[in-house]
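Colleague: One structure, as structure tokens, below. Some questions next.
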């Protein structure tokens with residue numbers, strides 16, 4: 001790991017003034033390619049989920065799958081080209097800062113991740129096709145072929161983040177206030193981070209639906225996963241409001257496919273059809289993460305600001321961040337989740353509560369109401385939420401550690 005974080009910044013400082021011309025000022029093309037790939041796979045995955053909700057039957061080359069494959073191919077080809085260029089050109093100026101692999105290949109750490117992730121994604125495609133032909137329609141997200149696909153997607157997305165991060169860290173001290181390269185890298189990092197967060201949320205979305213906002217399962221899941229990720233990316237980012245920006249981009253990316261596709265005709269192709277729909281059914285509305293994210297940014301400005309000399313111990317900072325995140329999330333999502341689940345004003349194309357799986361009866365008694373058998377007593381909720389607070393603190397602390405490592409990545 002040391003080879004990935006060894007500083008070599010002098011050449012960057014010397015070249016920064018001469019590499020700011022053109023549409024990609026001083027930024028390798030493969031960086032744009034892998035961030036674009038991350039966008040493709042997230043859009044394709046969300047489209048695929050909506051396809052299963054609305055149509056049911058798909059094939060190897062269904063439209064959402066093609067979008068995902070495009071992301072895999074673009075990430076794999078551009079990253080492989082970057083690696084081969086550094087490997088085969090002995091005097092390549094970037095060779096000195098490349099990461100060696102197997103003693104043969106040289107390349108950026110992010111490109112290495114992207115190549116392996118792309119291979120996993122493409123390998124999962126025929127496996128998934130065989131799985132469907134053998135066992136039929138998926139009844140859950142994490143089937144074996146989907147697990148391979150998701151690992152590949154997350155590896156590509158993590159590679160995109162590491163690729164952008166390495167360049168962002170190199171340009172950290174190079175005319176930081178107005179340099180075009182530095183500004184663009186900050187936003188590319190935020191975009192890549194928002195896309196990976198959208199992917200992560202898909203994994204635990206079954207525990208964070210609108211009908212579960214009055215249950216501790218929702219907040220325990222959020223406490224384990226979200227503070228870690230938001231704090232880590234926030235500490236690594238150079239934007240002024242990094243956590244808020246990443247949370248806002250996550251919500252935008254997550255909602256885009258639903259807002260667009262719900263206007264496109266679609267009909268079920270696989271029975272039983274209990275809800276005869278005519279258009280795509282949207283996925284769930286994500287949690288309002290921008291609100292707790294904004295409070296977390298405020299805390300970081302107040303207690304983790306090197307410019308003003310205000311630096312709180314990381315354990316104390318983790319306590320503040322974890323507790324603030326979860327309490328604000330509860331204050332926001334409890335009423336907002338109830339609005340989404342029960343209010344007729346949420347049953348529209350913006351809040352998406354009118355969406356319903358084609359194989360579920362549209363007159364289900366709990367479509368727009370909480371199932372009393374799944375609600376908790378006050379004591380049970382308090383105990384579960386207390387555990388969630390502890391998980392949130394530990395999650396934030398690990399996020400701070402991970403963010404410290406990310407700030408050192410320069411290869």
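Placement of Cβ uses the backbone N, Cα and C atoms for every residue, glycine included.
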Colleague: State the residue range annotated as transmembrane segment by TrEMBL; the candidates are 241-260, 341-360.
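Modeller: That would be 241-260, per the transmembrane segment entry in TrEMBL.
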Colleague: Which stretch, out of 5-29, 30-54, is listed as transmembrane segment by TrEMBL?
Modeller: 30-54
Colleague: Of the listed stretches (187-204, 312-334, 381-402), which one yields the highest count of Cβ-Cβ distances below 8 Å with the transmembrane segment (147-167)?
Modeller: 187-204
Colleague: Pairs of Cβ atoms less than 8 Å apart decide it: which stretch in 66-89, 101-127, 216-234, 312-334, 381-402 has the most with the transmembrane segment (187-204)?
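Modeller: Checked against 66-89, 101-127, 216-234, 312-334, 381-402; highest Cβ contact count belongs to 216-234.
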Colleague: Taking a Cβ cut-off under 8 Å, which residues six or more beyond the ends of the transmembrane segment (101-127) line up next to it in the same chain?
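Modeller: Cβ under 8 Å, 6 or more out: 4, 30, 34, 37, 41, 60, 65, 68-69, 71-73, 75-76, 78-80, 82-84, 86-87, 94-95, 144-146, 148-149, 151-166, 409, 411.
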Colleague: Between the transmembrane segment (381-402) and the transmembrane segment (30-54), are there three or more CB pairs that fall under 8 A, provided the residues in each pair are separated by 6 or more in sequence?
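Modeller: Result for the transmembrane segment (30-54) with the transmembrane segment (381-402) is no.
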